[in-house]
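Listed in TrEMBL for this protein:
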SIGNAL    1-19  signal peptide
DOMAIN    31-148  domain 'CBM6'
DOMAIN    165-464  domain 'GH26'
ACT_SITE  E320  active site, proton donor
ACT_SITE  E412  active site, nucleophile
COMPBIAS  558-569  compositional bias 'Polar residues'
REGION    558-579  region 'Disordered'
Amino acid sequence: MRILALVLLTGALVVPAGAASAFEASVLEASVFEAEDGARQGVEVYSAVPGYSGSGYVGGFDAADDQVTMTVQSAGGLFDLTLRYRSPYGAKKTSLLLNGTPIGDVDLPGTDAFTDVAAGRVLLNPGANTITVRSNWGYYDIDAIRLTDAPAPPPHHVSGVPVNPSATPAARGLLGYLATHYGRDLLSGQQDMAGIQWLEQNVGRAPAIAGLDLMDYSPSRVERGATSHAVDEALAWDARGGITTLVWHWNAPSGLIDQPGREWWRGFYTDATTFDLATALANPSGDDYRLLLRDIDAIAVQLQRLQQAGVPVLWRPLHEAEGGWFWWGAKGPGPAKELYRLMYDRLVHHHGLNNLIWVWNSVSPEWYPGDDVVDVLSYDSYPQAGDHGSVSGTYDRLKSLGQDRKLVALGEVGAIPDPVLTQAYRADWSWFVTWGGEFLTGGQHNSLDFLRRVYADPAVITLDELGDFKHQPGPISAPGSKCVDVAGANPASGTPIILWHCIGGAAQTWTVHNDRTLRAMGKCLDLIATAATDWGVRNGTEVQLWDCWGGPMQQWVQQPNGSLRNPNSGRCLDAPNGNTTPGTRLRIWDCNGSPAQSFHTP
């Protein structure tokens, strides 16, 4: 959770009565609406600064209720909204209302010249609508708004394949599950087990995702007596069949001020520590760099516990870096990105943590660490209390940042976006996690009636609807653009495993299980033992379908180069002599990384 809520335009709070479908074409009588023609309250029309459109611009936003309201005649429908403004006194924020209802805030980057900022979407009624710009931070000028038809988006291009090629089957299954539901369903989430218990008692349902914090595993907190049960809670939640997402309020490794208002336990805040990330990263042989590694290594110990238990994690480190209120973002985008990549390398390559789905949590392109280390893009949304808009403006920015090849999620929310509006505004958030305390139970950010409606919405997935997200069935791709196939779709033990044209069906639908078995038609991919002492370790040993027993002849591990290795024999699944003719029986052979050993599990 952050100190300030820097939120872009959300969607409308409610779907306007009689509004046209979001997917119907709409026609405006005009596309640009001048602020100087609007109804003004506490503001004036000016023309001293050049670059405006129309006959002038509106300024004097210096009181909380200062505003200008423009009337829009529309045939109804969904529109992209652009705000033309200037903000000569640095970055500001404005609030918007649609037909008198707050629809969120818009960030206005500092600029001396009039410029445009994308402000999300609005769903208009047929006929007259009002769009109001209200002061908020104030001290900016408003020239005009522009509305354009929001085109129907093309299909998403999200693959659901983790950036870590060694990701565990459970991690691959989780990301694949999320990708399958992306654009269709919204997974519910709640921070902290106390919040989940409250939901079960008052709403009658549990969320699909539990959010937990590794904060008290930070070494600078542990040395002051802090303890945590977050990993134990994650293990228990996994046993219930739920998804776990982890954040880390990382107490600074050193330099804790520890004075009133800046206590040691606030050590993740920029104002509570003198720790300088840029200086630490600039000296890899220095003490502060060593302390960074010490802290990451301490968290790795906890993440290893989850990996050993087969628990995949939606891992969201260095959250809200762009805001600057946490020390990892205080020195700007360069050090934050460098630290993220250092953490990725340390956890994945040094500690072998392959159960993590990597979630980045800033919006600006200059803060993005790169496609090769990010699985999911996310945003933490804290609009005004009771504003259940779709957060469509931010969704679009994140979708563009990942070129629509990354999932987009709400890492934290104060007020939950209305699932009716997220669909109407085409804001295809993958999941949300509501923050605890007053955001959940206070009644102002989310009323009990609203929570019950959200958790009963057909498009919202709850714990009881989640199903098996770790083991996503699918084909095993094979050499020659073929698929691994159970010959003749015969489920009997002893049936040969062959190459065949990829035609789908049960004979080509495999599931990777946590016990390292590959399963199809209720049985396992198995090595044929040619003698009592053989155990299928020789070059040329063929594979078959057999009753699952999880022994060494049924163990398969996906390698980074795409091969499937049997650890007991040390050999890889192989198409004999590179033969990719349909019907070719598969075997094991010395691992050589050749095209004949290129097999990719679902």
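Every residue, even glycine, has its Cβ placed from backbone N, Cα and C.
Nonlocal intrachain contacts for the region 'Disordered' (558-579), taken as residues 6+ away from its ends with a CB within less than 8 angstroms of a stretch CB, comprise 165-166, 169, 476, 478-480, 499, 512, 516, 518, 527, 535-541, 543, 552, 585-601. Annotation note: the residue listed as 'active site, nucleophile' sits in a strand segment as assigned by DSSP. Predicted-model confidence for the domain 'CBM6' (31-148) is 93, expressed as mean pLDDT. Secondary structure of the region 'Disordered' (558-579), assigned with DSSP and counted as helix (H, G, I), strand (E, B) and coil, comes to 3 helix, 8 strand, 11 coil. Note on the domain 'CBM6' (31-148): DSSP counts are 3 helix, 76 strand, 39 coil. Cα of the residue listed as 'active site, proton donor' to Cα of E412 (active site, nucleophile): a span of 10 Å.
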